[in-house]
Amino acid sequence: MISRSPGRAGAADTLAGGPRRRRVLKGVRAGAPLPLLLPALIGLAFLILPLVALLIRAPWRSMPHLLTSTEVWQALQLSLLCATAATAACLVFGVPLAWLLARVEFPGRGVVRALVTLPLVLPPVVGGVALLMALGRNGVVGKWLDSWFGITLPFTTWGVVVAEAFVAMPFLVISVEGTLRAADPRYEEAATTLGASRFTAFRRVTLPLIAPGVAAGAVLAWARALGEFGATITFAGNFPGRTQTMPLAVYLALQNDPEAAIALSLVLLAVSIAVLAGLRDRWMTAS
Amino acid sequence: MTDIEKATVDAPASTGEGLDTRLLVERGSFRLDVTLSAAPGDVVALLGPNGAGKTTALRALAGLVPLSGGHLRLDGEELDRTPPESRPVGVVFQDYLLFPHLSALDNVAFGPRCQGATKAESRARAAEWLARMGLTDHATAKPRRLSGGQAQRVALARALATHPRLLLLDEPLAALDARTRLDIRAQLRHHLADFEAVAVLVTHDPLDAMVLADHLVVIEDGHIVQEGSPAHIARHPRTDYIAHLVGLNLYRGEAEGHTVRLDGGPGITTEEDLSGPVFVAFPPGAVTLYRERPTGASARNLWRCEVAGLETHGDQIRAALTGQLPLAADLTTVAAAELDLYPGATVWATVKAAQTHAYPA
């Protein structure tokens, strides 16, 4: 579209008639103005270039060796496990929360929605510190968890899951809430008149109807959890095999083994592309 | 308002069979106040223009809208505070609201399943209902693969499968095209005749109401303006809305013998000998039009009018007239051409007294 020159468009102009001509003209108008085109191309290059550089500098030959080391495998396994567990937690608590926000009118709903969205814009490190204050050994809640149940979350694998869930849940809630708002609430009413309790109506009617939105939200949350760094390192630390996830491993490797860092980054890039491919029906074709 | 059966409002019918209710719903400036009573086997149609409150009344019966006042008794049982899922009420929604992710069979089985039947039982019952609706071949189809008529029957089967003691139908035929509508209307009539409990349907189509219901309740602006049998209402409309629906010219005035003096208008000579406030109605087909003032003495009902508009009405032309007496007149296309009618043309309209019908207001 952007490469279509005025000359060619002019030729098409005289040859084709009616709707086709209009389409060509529209294409020219959409791509033409230089003050828009130039920054657009720079922006595009800015986004793509680093990823290309990663591919160019990748130590392809030593790749198999780098990726089969125990540490890499440990980090990858831990990452997948924690991200999946965090996503499960997001689903269990986030879907009902989204339903509450979308379907039940209560005072202060706007404030609650803002609070739910906060972790989205909060620097993850701050999230990690906040989690320490809440769930740390001397935290507001953590104190009781420790003395009553003997549960300690910070600097454990469960801590990683908690940190990731904290950061990822807003993605799921917002995605599911949006889908719920778009879904026709009258289906729930129809279910009610057939004798379904509100919970049955949700489980048997609403949930299947919003399943695509829930799936998309879960994938988003999973991807966010997989890449989590700030909150994780603050709340759970950086212990190989226990709390060292891929992003932490990448950061650490960059200090003493840059090639390994690149290799690990490529793995995460591949996962990201896979996520995007999985979501393409939902977003990329929407435009 | 002599047609309204006030007796049911005051009479304690707590042990009575069927439906006995006064629905009071207040929402902002809108106020619905409708009293209904019906015996098992009755089909009641709520007829009214858009925004009259018909659907609100239906939703109140289903429990989807809380009552601000009044009462709701079904077969002697108080249902005012019963949540919708516990009411023995089945609803056929306007656009059916079949669950898109479930097959026709599972849509129908949904109700029995919620009522505690096992999965197998529910499906067996659903299959039975689909068979009764002639839909066995479509049991596995998802709603989007069903035609409008099929979807309507699945919706009806779904509502009936819970064995409701009150069946509610919200514009059951509105979503259908004209041809399917004729067919489905006949089938629906048949199914409603089989239904042994109370059925209440909401419609803005007088034909649906007259064909399907044995009792009509006309609602305008949240209130009942007239009720009775379809035949009675068709002959004795009491508001312009109903008169328009049943295709009659309707006037209100004061009768003295055979003459009815209209409020701020001319008089109409009628066959009936009445006194006091009355309605006068006559069909548009009873009107004869002339371009010149007719000389015959027989037509005492003679008015000078002006053509306000013309439109085809079936195989006839319906002329809307203003002037001494605003009225609608039907004439053949040939007659319209011979009279050289056009908007703004002056005409003389006559109606024979024998073709008018006067009744007390």
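Cβ coordinates are placed from backbone N, Cα and C, and glycine is handled just like the others.
Features reported for this protein in TrEMBL:
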type	residues	note
TRANSMEM	A:30-56	transmembrane segment
TRANSMEM	A:76-102	transmembrane segment
DOMAIN	A:76-277	domain 'ABC transmembrane type-1'
TRANSMEM	A:114-135	transmembrane segment
TRANSMEM	A:155-176	transmembrane segment
TRANSMEM	A:205-223	transmembrane segment
TRANSMEM	A:260-279	transmembrane segment
For the transmembrane segment (A:205-223), the distant same-chain contacts (Cβ-Cβ under 8 Å, at least six residues beyond its ends) come to 83-84, 86-87, 90-91, 94-95, 99, 168-169, 171-176, 178-180, 182-183, 187-188, 190-191, 196, 271-272, 275, 278-279, 282
Cβ pairs under 8 Å with the transmembrane segment (A:114-135): which stretch of A:30-56, A:76-102, A:155-176 has the most?
A:155-176
What parts of the chain pack near the transmembrane segment (A:76-102), using Cβ distances under 8 Å and only residues at least 6 beyond its ends?
109, 112-113, 116, 157, 160-162, 164-165, 168-169, 171-174, 176-177, 180-181, 202, 206-207, 214, 217-218, 221-222, 225-226, 228, 241-247, 267
Outside the transmembrane segment (A:155-176), at least 6 residues beyond either end, the same-chain residues with a Cβ under 8 Å of its Cβ set are 78, 81-83, 85-87, 89-91, 93-95, 97-99, 101, 116-120, 124, 127-128, 131, 135, 210, 213-214, 216-218, 220-222, 224-225, 228, 231-232, 234-237, 239, 242-243, 245
